[in-house]
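Notes follow the structure.
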Amino acid sequence: MPPSEEIKLRAVSPRPDFKANYLEFANAPAIVRANQKDSYFETVLRDKLQNVIQIFKGQRFTHTHPEEIGVAAKALYLSLTTLLGTKTLGEEYVDLIYVSRDGKRIPRYLARAGFIFAYAILPYFLTRLFRRLKSSSTPKDEVTEEKINKELPISLRIEKYLSNMSYSKVLDTIMNLHIAVFYFSGQFYNISKRFFSMRYAFGHKINKERTPNGNYELLGGLIVLQLVMKSLGGFKGLIGSFTGNDEHDESNLRANNKDIMYGIPSEEEQEEAKQQLGIIDLSDPGQLPYIPESSRQCMLCLSYMTNPTAANCGHCFCWSCIIDWCKERQTVLCVGKKCWNSNCYHCIRLFYIPTLNKICFFFLLSFLSVRAASKEFKSTKEEFAELFNEELADIAGEDPHCPGPFPTGRTLGYFLVVF
């Protein structure tokens, strides 16, 4: 063949399909499985990190900073894998790798670092910022705000209605809408990945004949339907404000004020609530002064007990601390019953959670406190403390696991009868 004809054949020959060499993008089920696996290992790393921090900083620090420890564990997990350009354990489980939006290259270092900051660290600061804004915002005049002025134009009414919406509801709506879009398209599981153009692709060749055809479009449709129903309810409330439905306006204002996520009360409100509800806080020396200082601290949070609660073994903790402990340390689930067992933190003895003596113990200590503060009982206050501790010392002789200056559940009825 002459050289001229060979050149002509090369010129008219079709160009190779470079797209055939690209990796195939991952589908939604594979991405969800990888995310679930990563969430599990992040939890394991958080527990290990919490144990290490507990050795150096103490148990009280781990109980007062659980959110910070979770953020640190998530950032550490992604920094050791994604930031260094390696796969996470979840990505290794289903063989996924990060590629750019068009699938032609691997995401750069700055994109990976920005994704880790936006995914693991930024939500923590946003949450703290929203909480601070919520707590620092001064309440407006309730009389003028409960009823929307009918003389205002529609634009100002809409602006007032939107101003009553909380940050948490807006963020939840955005997240639900984004996850619905992911279920339909299967492209970006997180908003941060969409912002930094980080998509998942399979690291191996996919056999489409063996790949199941099912996907998550149905879940996306259900989420969209839920958002539509919520939007209709909000639109109905907006129309009701224009038509003068004051009852609906007041209910909306009450619902907006009851923001569970960001409505953290101030210290003054907490103290006022404690006085109204009669909560026992042993940090106050004036409450139950006959209890020794060495016995006023909780063994879980290492701070003064709030609403002391006695287990069957007699050891006492804060009500919230022992409930959180029981939720994390459930041992044997009762079959056919709504109860479960747990072990005491101090003596590791088994007890039934429904038998925690918070109410009875609270009533007993309140009753004894009133008797100790009465005029006829002040003269024998020291004698009462001695008798109280002697009785409990006898009980401790019968039960070596009794903590000493607090009654066990077995003696609560006895003291109620005596006093």
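Using N, Cα and C of the backbone, Cβ positions are placed for all residues, glycine too.
Over in Swiss-Prot, the protein carries these features:
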type: BINDING; residues: CYS298, CYS301, CYS318, CYS321; note: Zn(2+) 1 binding site
type: BINDING; residues: CYS313, HIS315, CYS334, CYS347; note: Zn(2+) 2 binding site
type: TOPO_DOM; residues: 142-158; note: topological domain 'Cytoplasmic'
type: TOPO_DOM; residues: 236-419; note: topological domain 'Cytoplasmic'
type: TRANSMEM; residues: 28-57; note: transmembrane segment
type: TRANSMEM; residues: 59-80; note: transmembrane segment
type: TRANSMEM; residues: 109-141; note: transmembrane segment
type: TRANSMEM; residues: 159-185; note: transmembrane segment
type: TRANSMEM; residues: 216-235; note: transmembrane segment
type: ZN_FING; residues: 298-360; note: zinc finger
Below 8 angstroms Cβ to Cβ, which residues of this chain, lying six or more residues outside the transmembrane segment (59-80), approach it?
38, 41-42, 45-46, 49-50, 53, 88, 116, 119-121, 124, 300-303, 321
Please identify, among the binding-site residues CYS313, HIS315, CYS347, the one with the smallest Cα-Cα distance to CYS321 (Zn(2+) 1 binding site).
HIS315
Positions whose Cβ lies under 8 angstroms from the transmembrane segment (28-57), at least six residues beyond its ends:
66, 69-70, 72-74, 76-77, 88-91, 93-94, 96, 182-183, 186, 189, 200, 202, 212, 214-216
Can you tell which of CYS298, CYS301, CYS313, CYS321, CYS347 has the most other C-beta atoms within 10 Å, given these are the binding-site residues?
CYS298
To the nearest Å, how far is the Cα of CYS298 (Zn(2+) 1 binding site) from the Cα of CYS347 (Zn(2+) 2 binding site)?
14
Cα distance (Å, whole number) from CYS347 (Zn(2+) 2 binding site) to CYS301 (Zn(2+) 1 binding site):
16
Give me the Cα-Cα distance between CYS347 (Zn(2+) 2 binding site) and CYS318 (Zn(2+) 1 binding site), rounded to a whole Å.
16
From the centroid of the CB atoms of CYS298, CYS301, CYS318, CYS321, the recorded Zn(2+) 1 site, which same-chain residues not already listed sit within 8 A by their CB, in sequence order?
HIS63, MET299, LEU300, LEU302, SER303, MET305, THR306, PHE317, SER320, ILE322
